[in-house]
Amino acid sequence: MPAIVLIGAQWGDEGKGKATDLLGGRVQWVVRYQGGNNAGHTVVLPTGENFALHLIPSGVLTPGVTNVIGNGVVVDPGVLLDELKGLEDRGVDTSRLLISADAHLLLPYHVAIDKVTERYMGNKKIGTTGRGIGPCYQDKIARIGIRVADVLDREVLTHKIEAALELKNQILVKIYNRKALDPHQVVECLLEQAEGFRHRIADTRLLLNTALEAGETVLLEGSQGTLLDVDHGTYPYVTSSNPTAGGAAVGSGIGPTRITAVLGILKAYTTRVGSGPFPTELFDENGEYLSKTGGEFGVTTGRRRRCGWFDAVVARYATRVNGITDFFLTKLDVLSSLETVPVCVGYRIDGARINEMPMTQSDLHRAEPIYEELPGWWEDISAAREFDDLPAKARDYVLRLEELAGAHVSCIGVGPGREQTIVRRDILAARP
């Protein structure tokens, strides 16, 4: 059976949690393959219960699904334990959550360095969440990181943390004028935290591939979005990992030939958090409307999201770099009551029109959106369950976005609830 990748096709916050939740009851495994607690998924159950997840895969809310935090994720032990407790206190069974032995641990010195670096950068800061994600990935690439499996051996763990802090304390004390961290305290705190998750540590690569060979279906859940990818995003205003579909194989240990479908999540308009170029950003009453009606505040940071019209240049780019086979269009209901809905179909840069993503970031910063005005609709569409239930102008909007983005819009979200979804094509049934 297949492995299916679910990715954000914009700058994150597209509604990936809802998509995972919708598919979760029909898959056996849900895997988070990159990022850390710098991203959040909001899931609204049919009961009306609202869950905000930051590190744990959204499939934890579906009984019988095995959830995996993959080797590509960076794990803050304190956040993990707090999130587990929060779920368990609300009656959620977390017994089927596993953690890759090769995932990296995010430790106090990563958070400290992240925060002081942002302050030091001042107006040149990237706009990170301050959660330590970037510094943890830096250590991974520099080969001085701490892996989850290291907590199983006190001697190995102590040696690695002492070695890491030799450098980190130099940075904290001599560059940022902060107090040095005590390696012994870091080790003891981590070992105490590990008592709460050591039983979850597993060779998840082996388990996932064995499951696929047994005919089970695996859903690979990315965090953030395509335009935040460290390689393919709006660098340097990006995250420190690969949310794109290529990162799914690397961050889970599943070979790329196992992946049979890539589901891109697209919001019916566009948002982003933090600094960086955003050609369709709105600064008028329309931006205020999208922010207020769409509830555009970050799940993780609480920061207000920047809002703009749908950008088909971004959508086409996401289709290309991810190999997207299907789209899940979310928050179509937010656009109800607008007289017209502009869609960006290209950019104008220094007087010349281009229809694809600019090659350089300096060009993207200068890009002016070229809009196609589509007629809006006034009807409340939150109760629509079939495509034909939508007003004709809403259907036309979806079909035009599908044409511009270059892949089939298989699902449409018309509200936050799991049941507030129109399925035009069954993503799982359409695959081998």
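Even glycines carry a Cβ here, placed using N, Cα and C.
Listed in Swiss-Prot for this protein:
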- D13: active site, proton acceptor (ACT_SITE)
- H41: active site, proton donor (ACT_SITE)
- 12-18, 40-42, R305, 331-333, 413-415: GTP binding site (BINDING)
- D13, E14, G15, K16, N38, A39, G40, H41, T129, R143, Q224, T239, R303: IMP binding site (BINDING)
- D13, G40: Mg(2+) binding site (BINDING)
- V299, T300, T301, G302, R303, R304, R305: substrate binding site (BINDING)
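Structure coloured by features recorded in Swiss-Prot.
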residue	record	Cβ neighbours (10 Å)
D13	active site, proton acceptor	28
G15	GTP binding site	22
K18	GTP binding site	26
N38	IMP binding site	28
G40	IMP binding site	19
H41	active site, proton donor	26
T42	GTP binding site	18
R304	substrate binding site	12
R305	substrate binding site	21
V414	GTP binding site	26
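It is G12 that, of the binding-site residues G12, Q224, R303, L332, has its Cβ surrounded by the most other Cβ atoms within 10 Å. Looking at H41 (active site, proton donor) and G15 (GTP binding site), their Cα atoms lie 7 Å from each other. In this structure, G40 (IMP binding site) belongs to neither helix nor strand by DSSP; it is coil. In terms of Cα spacing, the recorded positions D13, K18, R304, L332, V414 that come within 10 Å of G40 (IMP binding site) are D13. In this structure the alpha carbons, written CA, of T42 (GTP binding site) and Q224 (IMP binding site) are 13 Å apart. Closest by Cα distance to R303 (IMP binding site), from the binding-site residues G12, G15, K18, is G12. Taking Q224 (IMP binding site) as the reference point, none of the binding-site residues K18, R304, R305, L332, V414 has a C-alpha atom within 10 Å of its C-alpha. Among the binding-site residues G15, K18, N38, L332, V414, no residue is found with its Cα located within 10 Å of the Cα of R305 (substrate binding site). Spacing of G15 (GTP binding site) relative to R304 (substrate binding site) is 16 Å (Cα to Cα, whole number). For V414 (GTP binding site), the nearest neighbour among the listed recorded positions (D13, N38, R304), judged by C-alpha distance, is D13.
Taking the C-alpha positions, the distance from D13 (active site, proton acceptor) to N38 (IMP binding site) comes to 12 Å.
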